[in-house]
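Here is what TrEMBL records for this protein:
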ACT_SITE  A:THR179  active site, nucleophile
BINDING   A:THR146, A:LYS168, A:THR179, A:GLU259, A:ASN378, A:SER383  substrate binding site
2 protein chains.
Amino acid sequence: MSITAPAGFTAAGVAAGLKLTGAKDVALVANQGPTFDSATVFTANRCQANPILWSKEVVKDGTVRAVVINSGGANCYTGAEGFQTTHATAERVAEHLGIGAIDVVVCSTGLIGMLNDRDDLLAGVDAAAAGLSPDGGTDAAEAIMTTDSVSKQVVVEGAGWSIGGMAKGAGMLAPQLATMLVVLTTDAVVPAADLDTALRAATRVSFDRLDSDGCMSTNDTVTLMASGASGITPSLEDFTAALTQACTDLAMQLLKDAEGADHEIAITTLNAATEDEAVEVSRSVARSNLFKAAVFGNDPNWGRVLASIGTTDATFDPADLDVAINGVWVCKQSTPHADPATVDLKPREVSVTIDLKSGSERATVWTNDLTHAYVHENSAYSS
Amino acid sequence: MSITAPAGFTAAGVAAGLKLTGAKDVALVANQGPTFDSATVFTANRCQANPILWSKEVVKDGTVRAVVINSGGANCYTGAEGFQTTHATAERVAEHLGIGAIDVVVCSTGLIGMLNDRDDLLAGVDAAAAGLSPDGGTDAAEAIMTTDSVSKQVVVEGAGWSIGGMAKGAGMLAPQLATMLVVLTTDAVVPAADLDTALRAATRVSFDRLDSDGCMSTNDTVTLMASGASGITPSLEDFTAALTQACTDLAMQLLKDAEGADHEIAITTLNAATEDEAVEVSRSVARSNLFKAAVFGNDPNWGRVLASIGTTDATFDPADLDVAINGVWVCKQSTPHADPATVDLKPREVSVTIDLKSGSERATVWTNDLTHAYVHENSAYSS
């Protein structure tokens, strides 16, 4: 169900031949109203794909009536011809739905620097529009997959309203999103300004704290549409909490499906002077290839944690840092403490806890280990 | 010869049992004068090893008479006991040479979070001091190796004076140095202030632009000592040029011996608004695991280059970037140009050229590819 769980949404996912495998590759999600409020966040990468350039214009007025997504090609660094393909895609969706193209968000994912076949893509849009259904959520979620091994979907229930979501992404997961496309739907009645506030709050502590491999993508988009079909207006606080739950759930699904990973690593920094500093410290560890390779080797190498912390500008005393791995305080006051041999790193889930002793703020950043399989998948992907 | 090529220096390298293999692990380099001017740069990491804490005090007055280095243990995050070991090492060198301990730079390399055996280390100092010789340069260069597969040495000849150097490092090579220890010697007559100017100029364009794996070390030290034994005072310009040549030569030796690498990659950014922006752009590509994995797979993936450039704040038009790989302009104006299939990535040396079209400054950053062997070496190192 996922994105079609909330009332007022239809979806479809079809195979248009963009993927050589013949798998589904065009997804369409339509908001049937009665409201068409929306909010969207995009990648912070300055080199942006054509769908981003288009969709940034679409979302400016807070109204989005449909999202169309293709996998099998990112339509990135494809110049004016690529932009025309994006525009034509939106126009075709608009024709079918009897709406304006300027209310159609377009997303693309797959290889960059390669033009999509426009005729195949538009034929896919035709088929998707014909197949729109309140049961189409799973088909849509499958159609946006690239190297994903499973589709990612979520439903969070409110009091008489709900939030649905789908996501794709399995690498290039870095701050300010990733090659990560997310569509969120709700039947709550929430004006666009509040959707924006809630979405920024939710992504800030979920997708923005996922840092699988430090590589920021060119195509990331998270779009939230509200149909208002439940007729219920939740408090902004309740809505934000439910949206944060949905985003965090999807982020953890992305983390667990990261290309080639053997471990999911949650890096939590405690007692930081500010939340930003807690994020900075956790992210520095998430970016350390040496530490990530050590986790792959089941080696609780806390020295590499301290070496990463030392590259940041956060407030701390370099001689008074504590580090726990899977709950074992292997380092206290920047010197060896518990025997690292007592840390069991065989389970997939790994926790690193850093105590900065400089305040009362905290934050968690999630990453994966650096494995042979990561190197293999990312050295072979476009060959 | 290396560090003992310039007149006025003796050196030794001995096995003290710190390395389990029985290989040489204590090096001593002594300046016999008549001058004792020096300059030193250290890692920018805020979590610093005990030898750094000690040596920062030593170098303050511009006088260094000896450098003692042990491999087999970094003496990092080892607390007060580790600091005492560093201090005792300097004291023992000073006793043998009849100098003050405060003129003895101490460096350590190897595993972090582990105490060195102080008795073994001091016995090694005794043996090294007894073995000091004008022919000891190669022994010293071998004694500082850790995962290095070869020793790194250089000699650059001036007009009646020379510069010698040795280095160790095979990973954790990131800006503001690496687990990289370098000793440079010269018999030119150069006052400490000029040595400092020359050393900062030379490291800025050599060691500081080596970014093997984005991981910054806790122990890096580059020490330059001038004996004045040639009696010749070169111009600062000539001396800086020769020192830059020596540092660049050693940096390239480090690059070529990086753990597990199959390729050396030189990333040059042209026509940047400022040199700093050229470095920022080149470094962003050097830090991309996705691009580095692509090079390992012999895949000229220019899309991953643009995606990295887009994460920077440099001045450029995202729609007007040109990228060449091994001289083939695979991307012009941010769209596909020459056929990537014409790029031959089988040779070890790879060049990436980025044209920002925003000014006239340029810079090169060097990195390695991301390989199975890198993951293997760094997941197994401390187990």
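Quick reminder: no glycine exception, Cβ is built from N, Cα and C everywhere.
Here the features listed in TrEMBL are placed on the structure.
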residue: A:THR146; record: substrate binding site; Cβ neighbours (10 Å): 21
residue: A:LYS168; record: substrate binding site; Cβ neighbours (10 Å): 28
residue: A:GLU259; record: substrate binding site; Cβ neighbours (10 Å): 24
residue: A:ASN378; record: substrate binding site; Cβ neighbours (10 Å): 28
Binding-site residues satisfying Cβ distance under 8 Å to any chain B Cβ, from A:THR146, A:LYS168, A:ASN378: A:ASN378
Three-state secondary structure, A:ASN378 (substrate binding site) (per DSSP): helix
